[in-house]
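Copied from Swiss-Prot, the annotated features are:
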BINDING   416, 474, 479  Cu cation 4 binding site
DOMAIN    23-148  domain 'Plastocyanin-like 1'
CARBOHYD  72  N-linked glycosylation site
CARBOHYD  75  N-linked glycosylation site
CARBOHYD  229  N-linked glycosylation site
CARBOHYD  238  N-linked glycosylation site
CARBOHYD  354  N-linked glycosylation site
CARBOHYD  361  N-linked glycosylation site
SIGNAL    1-21  signal peptide
């Protein structure tokens, strides 16, 4: 009998461990509505496998990911269809699996499922996933995604890198996105690893991250934000950045990190302070700022410390992260020649806003009824033939492209973080800098486009080696919903042959188009 009880205890312990473990590379993601109260306030949300943020998805470089998304949404106050983007993955040959609704697919209808099936042959690092339909991810459909490299070149810099060292940042709202203002004046709460407090719920539980003295931890910081950027710090501790948006990075020691929506950093933290509790801080750039009552906070707890809230104080940051100091671990050639305009095609993105919608080069993005990928597969071969008119830019194959984003007071809400799908790009001019670096700039997939006050003209470069329509947009989701986006139709003649689509993908549009608008 004792052997049976031992076995039972082992099984229970194993199940408990699995409940907190990452899923993947083959997994079901069931999307439902549920009441959640991550900050002590209960509201209906969009959850993944029962929770928000959704479960950590993990795998190894070289894996084939087969992620079956099952849409069981029923709440009419939120979008009932869905579509999921796997943020940071190049999707080479699987443009149809990238996820943005009406760019790469029709949404998945409620009561239906869709299998995202893609290879990750040459990428590793920290990614995430989120709804790419309307503002649905703000209501909860967002989660972290890590691809491990068995031959990680930074492996000797840390001792621990597991599910428990992923740190997610979430802006949380008490009102569903479609019921609230078009441009909220700040989140109600900041959630760190799914827990937090609002100014009216200061007794809610906070996340605790445990460390063992003397160990070195690779923390993977992921901004799942819909809007604010955060200044992240841990009292009494420096952080050594080793990864930027899944790009291995030359080690850089900082004491605070400004992280914009959708960006990721890995940093090494050495647990070398006195055994105690230390505040983890993620201060948003607007809204409920500061730390009164434990808002915008979590707890770093050394093994052996009492289970109490920290009493540590924040010191002035003397080594904040500056993007110009980030460099790839392995120097990577910058596309084009090392002079201004030394590319095959340079495009300037002129921003504007009319009080309701954002514009790029005079056009506000409105989702087409037929996905751009389907338009191309169906025979449209020129940008002028692709909808939405004025928002699709044709890019030639195997060309060096430069994009500039001059900051302007005409587009309020800066700094706007811009994300390019299907690529990592070289940031040849960063926000806050007037220097053009063609030598060793960081590569990443989300960049702050800075502020007009700084006279910023953030400039990026990439090479067109990945046929397909790829979204370029502000990752403040409320701004994207207001049209702050364009589509790059890359190598149009080769899109169909390079991206064979499964029958299930072809079935998405007829199913979605048959829905009553109230069920979409």
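For all residues, glycine too, the Cβ spot is worked out from N, Cα and C.
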Counting all other Cβ atoms within 10 Å across every protein chain shown, which of the glycosylation sites 75, 229, 238, 354, 361 scores highest? 229
What other residues of this chain sit with their CB within 8 A of the center of the CB atoms of 416, 474, 479, the recorded Cu cation 4 site? 358, 411, 413, 417, 418, 473, 475, 476, 480, 484
Cα-to-Cα gap, residue 238 (N-linked glycosylation site) vs residue 474 (Cu cation 4 binding site), nearest whole Å: 30
Among the recorded positions listed here (75, 354, 361, 479), which has the Cα closest to the Cα of residue 229 (N-linked glycosylation site)? 479
Given residue 479 (Cu cation 4 binding site) and residue 72 (N-linked glycosylation site), what distance in Å do their CA atoms have, once rounded to a whole number? 27
Could you tell me how many residues in the domain 'Plastocyanin-like 1' (23-148) are helical, how many are strand and how many are coil under DSSP? 7 helix, 60 strand, 59 coil
Looking only at DSSP and grouping its letters into three states, which state does residue 354 (N-linked glycosylation site) belong to? coil
Specify the nearest of the recorded positions 354, 361, 416, 474 to residue 75 (N-linked glycosylation site), where nearness means the distance between Cα atoms. 474
Fewest neighbouring Cβ atoms within 10 Å: which of the recorded positions 72, 416, 474, 479? 72
What's the CA-CA gap between residue 354 (N-linked glycosylation site) and residue 416 (Cu cation 4 binding site) in angstrom, rounded? 16
Write down the Cα-Cα distance for residue 72 (N-linked glycosylation site) and residue 361 (N-linked glycosylation site), rounded and given in Å. 39
